[in-house]
Each structure stands twice: as structure tokens, then as C-alpha cells.
Amino acid sequence: MPTDVPKVTLNNGVQMPILGFGVYQIPAEETEKAVTEALAAGYRLLDTAAAYGNEAAVGRAISSSGIPREELFVTTKLWIQDTGEESTKRAFDASLQRLGLDYLDLYLIHQPIGDVYGSWRAMQRLNCDGCVRAIGVSNFYPDRLVDLIEHNEITPAVNQIETHPFFQRTADQELMRQHGVNLESWGPFAEGRNNLFTDPLLTEIGAAHGKSVAQVVLRWLIQRGVVVIPKSVGAERMAENIEVFDFELSGEEMARIATLDTGNSQFFDHRDPAMVSRLSKVRIHE
Ligand SMILES: NC(=O)c1ccc[n+]([C@@H]2O[C@H](COP(=O)([O-])OP(=O)(O)OC[C@H]3O[C@@H](n4cnc5c(N)ncnc54)[C@H](OP(=O)(O)O)[C@@H]3O)[C@@H](O)[C@H]2O)c1
């Protein structure tokens with residue numbers, strides 16, 4: 001029997017699995033197989049994005065799985081090129097069509113760049129019309145997040161941000177909690193950077209529980225109430241990454257993992273002007 005994944009309740013009452021499957025950097029031609037295997041392993045939350053170029057493959061895997069739609073939780077994201085009120089509606093429809101779905105569970109603004117206010121107005125309407133069950137953002141630092149909250153009707157249900165042992169985001173999480181925004185981690189393993197998978201402390205804690213470093217990291221995030229979406233193209237690792245509900249980290253172990261925080265990204269800073277320019281030039285369609 002596949003693992004029963006617990007759910008978090010978002011600020012609008014929608015329930016979201018606390019663990020799902022991310023498909024960033026899985027080539028489109030490999031994505032259908034990967035998602036099919038993830039669904040067989042028990043994953044029900046799928047995280048893709050228009051910019052990943054693999055929404056159609058995710059859709060094919062969903063369709064051939066035979067899993068009832070209401071058992072799935074599907075997230076995709078709006079790219080910078082499509083920000084703005086009118087473009088967002090078009091981009092949403094195009095994503096939905098590629099996914100072969102008639103509604104989405106969660107739609108995120110992928111980056112805090114471009115006309116995100118126009119996009120948010122369109123997303124609020126999509127949410128009210130029942131086209132998407134929850135709306136949120138990604139890569140928003142606290143100032144951008146609070147500004148969006150203060151000037152709109154609907155507070156984002158989720159902020160998906162880089163979160164892993166070397167960049168723990170505890171203060172950001174506390175601020176989000178105060179505003180009712182759930183933290184979703186991207187890059188829970190920091191994509192293996194900084195030797196995460198051989199980190200001595202995480203290895204030692206894993207050994208004490210008969211668990212891998214990957215399982216310790218996911219468990220640590222889940223115990224913090226953070227939604228996780230690890231990516232793997234290996235069926236064995238998919239199974240490993242979902243087997244995290246049969247052990248618990250002690251308060252002392254949680255405190256020891258807290259010491260690994262560097263407070264810095266392992267990737268790049270979304271507030272870096274050069275990066276804002278670079279991302280703004282990334283086009284995903286004509
Ligand atoms: N919103 C954003 O801007 C944003 C940015 C990045 C990512 N994301 C989302 O977050 C998801 C996860 O982040 P990510 O894909 O960047 O990185 P990640 O999940 O931190 O790491 C994935 C890497 O870890 C390896 N891995 C997975 N499970 C493992 C295990 N049990 N043992 C050893 N190695 C393991 C994978 O290799 P194999 O595949 O070879 O197993 C892959 O190289 C993405 O897929 C995407 O959905 C969002």
C-alpha cells in the first residue's frame with residue numbers, strides 16, 4: 001500500500017499534501033515516465049511550471065494513471081513573460097490545456113518580477129470562479145510578499161521558496177505564519193550542493209533512525225510544517241523520499257540541524273538586479 005501522506009490546511013481551507021513530487025529539470029521526454037512512477041509510489045501532489053516545458057507530459061501521466069482527479073493536487077506556475085492581467089488569464093488557460101485538466105489546485109506566480117499585481121488580480125478572479133482552488137507565489141522575499149498582501153483581497157495561500165538545511169528560512173516562515181501563508185520548500189536537498197547528501201551531522205542523525213540523509217531532511221522540513229516537493233528520476237529514490245512518516249526527529253535533533261543554517265542561498269538571490277534582468281529576458285514562447 002502506498003504511504004498515506006498527511007495534509008496541511010491552507011488559509012482558504014483547501015487541503016494540500018505535505019509531500020509531493022517536483023519535476024524541475026526533468027526533460028519533457030522523461031517526465032511522463034517519472035510522474036507515472038511517482039504516482040505509483042503514492043505521490044499525489046505534483047509540482048510543475050510553464051517554464052519547465054513538461055506540463056503536457058505531466059498531463060499524460062495523470063490521464064493514464066486512472067487516479068480520480070479529486071485525489072490529486074496539481075500545481076503549476078506563471079512565468080514572468082506572461083505576467084499582467086490579460087496575459088495571466090491566457091497563460092493559465094494554456095497551462096490547463098497542456099495539463100489536460102479542467103481546474104488547477106494551486107497556481108503560483110513563479111518569480112517576484114514583472115506585472116505581478118496585474119497577474120494577482122487575474123488569479124484572484126480565477127480563484128473566485130473556481131478555476132483554481134488556491135493561488136500563491138514563489139520566490140517572494142518578505143517585503144514583496146507583505147506588499148502584495150497589503151494591497152490585495154486574497155492573501156497568497158503558499159510561498160514556494162528555496163528552503164533546505166543550509167538556508168532554513170525560519171524568520172521568513174514565522175512572518176508568513178503571521179500572515180497565514182504556508183511555506184513550501186523548493187530544493188529541499190539544495191540539489192545536493194554543499195555536499196548535503198554526505199553531511200556528517202545529517203548522516204549521523206539518519207543512522208540513529210535507520211534513515212538516509214534525504215529522509216532526515218524531508219522529515220525535518222515536514223516537522224516544521226513545510227510542504228516538500230523533492231525531485232528524483234529514480235523509482236528507488238522516489239520510494240525512499242516518501243517513506244518519511246514512520247519516524248520522528250527529537251527536539252534535540254531538530255536543534256542540531258538548525259546549526260547548519262548559513263542564512264544564504266545555494267543558488268542566487270532574487271533581489272540581485274543582474275538576476276532580475278537575466279530572468280526577465282527568459283522567454284518560454286513567442
Ligand atoms: N519555484 C522555483 O523557483 C523552484 C526552483 C527550483 C525547484 N522548484 C521545485 O522544487 C522541486 C525540488 O527542487 P529541485 O528539483 O531543484 O531539487 P532537490 O529536490 O533539492 O534535489 C534534486 C536532486 O537530488 C537528487 N535526489 C533526489 N532524491 C535523492 C535521494 N533520496 N538520495 C540522493 N539523491 C537524491 C536528484 O537526483 P535524481 O533525480 O538523479 O534522483 C536531483 O539531482 C523541483 O522539482 C520543482 O518542482 C521550484
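Just so it is clear, glycine is given a Cβ too, placed from its N, Cα and C backbone atoms.
Note that the structure is a prediction, hence the values are computed from the model and not measured.
Taking Cβ-Cβ distances under 8 Å and a sequence gap of 6 or more within the same chain, the neighbours of Tyr52 (active site, proton donor) are Val23, Tyr24, Gln25, Ile26. For Tyr52, the entry in TrEMBL reads active site, proton donor.
Shown in sequence order, Ala49, Ala50, Ala51, Lys77, Leu78, Trp79, Ile80, Ser138, Asn139 are the residues of the chain, 6+ apart in sequence, with a C-beta less than 8 angstroms from the C-beta of His110 (substrate binding site). Residues or ranges marked as substrate binding site in TrEMBL: His110.
Marked as domain 'NADP-dependent oxidoreductase' by TrEMBL: 25-260.
Under the DSSP three-state reduction, Lys77 (site 'Lowers pKa of active site Tyr') is assigned to strand. Annotated site 'Lowers pKa of active site Tyr' per TrEMBL: Lys77, in sequence order.
The secondary structure of His110 (substrate binding site), as reduced to three states from DSSP, is coil rather than helix or strand. The Cβ of Lys77 (site 'Lowers pKa of active site Tyr') has 25 neighbouring Cβ atoms from other residues within 10 Å, across all protein chains displayed.
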